[in-house]
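J.: The substrate binding site annotation in Swiss-Prot covers Arg109, Asn147, Trp310, Glu350, Lys351, Phe352, His353 and is backed by similarity to another entry. Per Swiss-Prot, the feature Zn(2+) binding site maps to Cys113, Cys156, Cys158, Cys161. Residues annotated as active site, proton donor in Swiss-Prot, with similarity to another entry given as evidence: Glu148. According to Swiss-Prot, the feature active site, nucleophile maps to Glu302.
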Amino acid sequence: MLQQKKLFYGGDYNPEQWSKAIILEDMRLMKKANVNYVSLNIFGWASIQPTEEGFDFSFLDEMLDLLWENGIGIDLANGTASPPAWLVKKHPEILPVTSQGTPLVHGSRQHYCPSNKVYRSYVIRLTEEVAKRYATHPGIVMWHVNNEYTCHISECYCESCEKSFRQWLQMKYKKINTLNECWSTKFWSQSYSQWDEIFLPKEMPTFKNPAHQLDYKRFISDQNLTLFKAEKKAIRSYSKDIPVMTNLMGLHKHVDGFAFAEEMDVVGWDSYPNPFEEKPYPQFLANDLTRSLKKKPFLVMEQAPSAVNWRRANGAKSPGQMRLWSYEALAHGADGILFFQWRQSQGGAEKFHSGMVSHNQDTNSRIFKEVVQLGTEMSQLDELVGTNYNAEVAIVFDWENWWALELDAKPSGEINYIKQMRDLYTIFHELNIGVDFIHPKEDLSNYKLVLSIAQYLVTDDFSAKVKRYIKAGGHFLTTFFSGIVDEYDRVYLGGYPGAFKEVLGIYVEEFDPMPIGRKSQIKYGETYYTTELWKEVIHLQGAETIATFTEGYLMGQPALTKFGYGKGKTYYMGTKLAKDGNMKFIQTILAESKIQPLNQVEIESENSKISMTCRSNSSHDYIFLLNYGQTSEKVKLKKGGQSLLDGSMVEGEVSVKANDVKIIKLTK
C-alpha cells in the first residue's frame, strides 16, 4: 500500500488536449512548480478505446513514461467517468433517465446509469485492460477509479434501476409484509402484495412515502458504491498493492462518504470554496469530515488555482487566498494539494475554469507565481506526511439522517442539515478547538464532548450507545428535531425526542416552527440572544433550564436545557441561535467538559483572526497559525521552536502577517 514520503503537489493532467510541443513545455513548467504528482486519464475513455473493436494505448504509454522520466508520480485513472459516443449509440439503454422519463444523452459527462449491466460490462473490460497494461509501471503511485460519483447524476429512473431497486429491497426485507410494516404502507392504501408492484419514486400526485424515498436514496448510494467496488476488483486482479481511491466531494449529499471510505485505500475530496467568502466554513468543515472518514490524512484531489466556471458569478481568488486555503487543508490533515487542472483548457465546457497554467501561458502571471510559491514551500514540508490530527470533540455525521431529514412533509421545510452543522462547527473553528466527525456506529468514548446535530433519524443501537457514553461521564449536546424517528422514518412514540428523551431529562410536546425571516429572542442569563426557524414546547423531567423564550405563549418556558445523567451531562437546544448565542452556549459546555484550545500558543488579541491547529507525531507538534485578518497579529509561544517555512528558530512573541501562515515545529 501507499508509502508516501512527500506531500503530493500537482493536479489533473489532460495531455490529450495538447500538442507534443506543449506537453514537453509542461514537463519543464511542472519541475519549476515542484509538481510531483498528477492525475491522468480521468476522461480518457474515448482516447484509449476509440472504437469497440480495439484499444490504442500508444499515447498513454508515452505519457506515463514521460512523466516518470521527469520524476512525476501518477494517479492513473481507469477512465470510466464519461462513456464514449460509440458506446451510447450502440447501447442507449446505459443512459440515465430523469423522474419524468427523459433519457440524458451523450455530449456532457457522467451520462450513465450506475446499475446498468451493459455499462458495467464495458467498464470492467476497460478497467481490466488498463490495469493489465500498467500494473507494473514504476510511475504509478495510485489507481484512480471513475470521477466524482453522483456529481451530476444523483438519481436514475430507468428500467434497469427499477429492476435493481426491487432486488435490493427483496435482499433487505426478505418478505413483502416486512417491507409494508417498515414503510407504514397502511397509510393512504399503499400496501404491496408482490415485489413487482413497487416502482421507483418517480413523479407522483402529491407527497411520496418518505420511507420509500429514503430507501431509494440508500439504493442509489449503494449502486454507486457497488460500481466502485466492481471497478476496484478489476484493478486488483492485476495490481495487488498499489492503493485504489476515487475523489469524493466533501459535503456532497448523494453518496455515503463513510461507506465509500471503507472501500478506499486513501480518501480524497474536491474542494471548491467560494472566493467571495472570507472564511468558507463549509469547505473547512469538509476538510475535517474527509479526514474523519478514515481518521487518517487525506488528499485534496481538486481545487481551483483561481476562478471556477459553474457559479453565477465566478470570482477570482484574491492574491494569497489560494495559498491560505491550501494551508487550511494541510493544517487539518491533508497530505497533498492538487488542482483541477494543470493547464487551462482551450475549449469545452470548463475552458473558463482556471488552471495552474492559464490561457495567457505567462509564467510571470500571478496565478503561476502563486502555484510555484506553494509548490516550493510544500517541497520543504515533507516531515508533515502521516502526522496525526487529534480532537476531543466529535460531531456525528450521518448521510442517512441527512437524506431523511430533508425529505418532504416536515414541520419546517427550511431545516438544512449542513447549515445546522456549519453554525456550530464554526464556533469550534473560531475557538481553535479541534473536531472529528464520526459515524453513528463509531466508538464515542474517545471524546470528551459529542454533538448530535439535527439528528432526526436515530437507530436503537445509537440511542443505547449514547446512553452508555453519558453514563460513563461523557458530555452530549443535541439540537431541536433530533431523535424523532427510527431508520424506517417511523416516529418514536411517547413524546419527542423519543430516542434521546431519557438522557436529556425533557420531553417536547409540540413543535412551533417560525416562518422565513421572522426572528425571536431567548433570555440567557441577563442577556438576550436572537433566534430563528424553530421554537417548541419543552417540559422538564429533571433537566435544568439554561435559557428561556421571551415572547408569546412560550414566554418564560425552556429554550436551552442541561441535565445530569449518570456521570455525564447532556445539553439541548430547542431553537436555532444566532452566532453570539451559539458562542455563549458552546463556551459554557466546553468549560464544563474541561476542553481547552491548544496550550502551546497564547493568542494575545481578544478579537483575533488567527486560526490555530496542530498536527503531531511521536516526537513533535506542528502548530499551524493562519491569519485570516487584514492586519498582522502576534502570538506568544510557550516554548521555542522552528518556523518550517523559513527555517528560523523562534521563541516568545511571533508575528503572523495578514493573509499569511506560519508552521512552528515544537519538540515534545
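Including glycine, each Cβ sits where the backbone N, Cα and C put it.
Note that the structure is predicted; figures quoted are calculated from it, not measured.
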J.: Hey, how far is Trp310 (substrate binding site) from the residue listed as 'active site, proton donor', Cα to Cα, in Å?
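T.: Their Cα atoms are separated by 16 Å.
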J.: Please work out the number of neighbouring Cβ atoms within 10 Å of the Cβ of His353 (substrate binding site), leaving out its own Cβ.
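T.: I count 20 other Cβ atoms within 10 Å of it.
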J.: Round to a whole number and give the Cα-to-Cα distance in Å for the pair Glu350 (substrate binding site) and Glu302 (active site, nucleophile).
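T.: Distance between the two Cα atoms comes out at 14 Å.
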J.: How many other Cβ atoms sit within 10 Å of the Cβ of Glu350 (substrate binding site)?
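T.: Its Cβ shell of radius 10 Å holds 16 other Cβ atoms.
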J.: In DSSP terms, helix, strand or coil for Glu302 (active site, nucleophile)?
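T.: Looking at the DSSP assignment, Glu302 (active site, nucleophile) belongs to a strand.
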J.: Please report the number of other Cβ atoms within 10 Å of the Cβ of Arg109 (substrate binding site).
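T.: Looking across every protein chain shown, the total is 17.
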J.: With the cut-off set at 10 Å between Cβ atoms, which of these binding-site residues ends up with the most neighbours? Options: Trp310, Phe352.
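T.: The residue with the densest Cβ neighbourhood is Phe352.
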J.: Find the one among the binding-site residues Cys113, Cys156, Cys158 whose C-alpha lies closest to that of Asn147 (substrate binding site).
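T.: So, spelling it out, the nearest of the binding-site residues is Cys113.
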J.: Considering Cα atoms only, can you say which of Cys113, Glu148, Cys156, Cys158, Cys161 is the nearest neighbour of Phe352 (substrate binding site) among these recorded positions?
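T.: So, spelling it out, the nearest of the recorded positions is Glu148.
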J.: Could you state the whole-number distance in Å separating the C-alpha atoms of His353 (substrate binding site) and Glu302 (active site, nucleophile)?
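T.: With the alpha carbons as reference points, the distance is 12 Å.
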J.: How many whole Å apart are the CA atoms of Cys113 (Zn(2+) binding site) and Glu148 (active site, proton donor)?
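T.: Rounded to a whole number, the Cα-Cα distance is 14 Å.
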J.: Determine, to the nearest whole angstrom, how far the Cα atom of Cys156 (Zn(2+) binding site) is from the Cα atom of Arg109 (substrate binding site).
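T.: About 15 Å separates the two Cα atoms.
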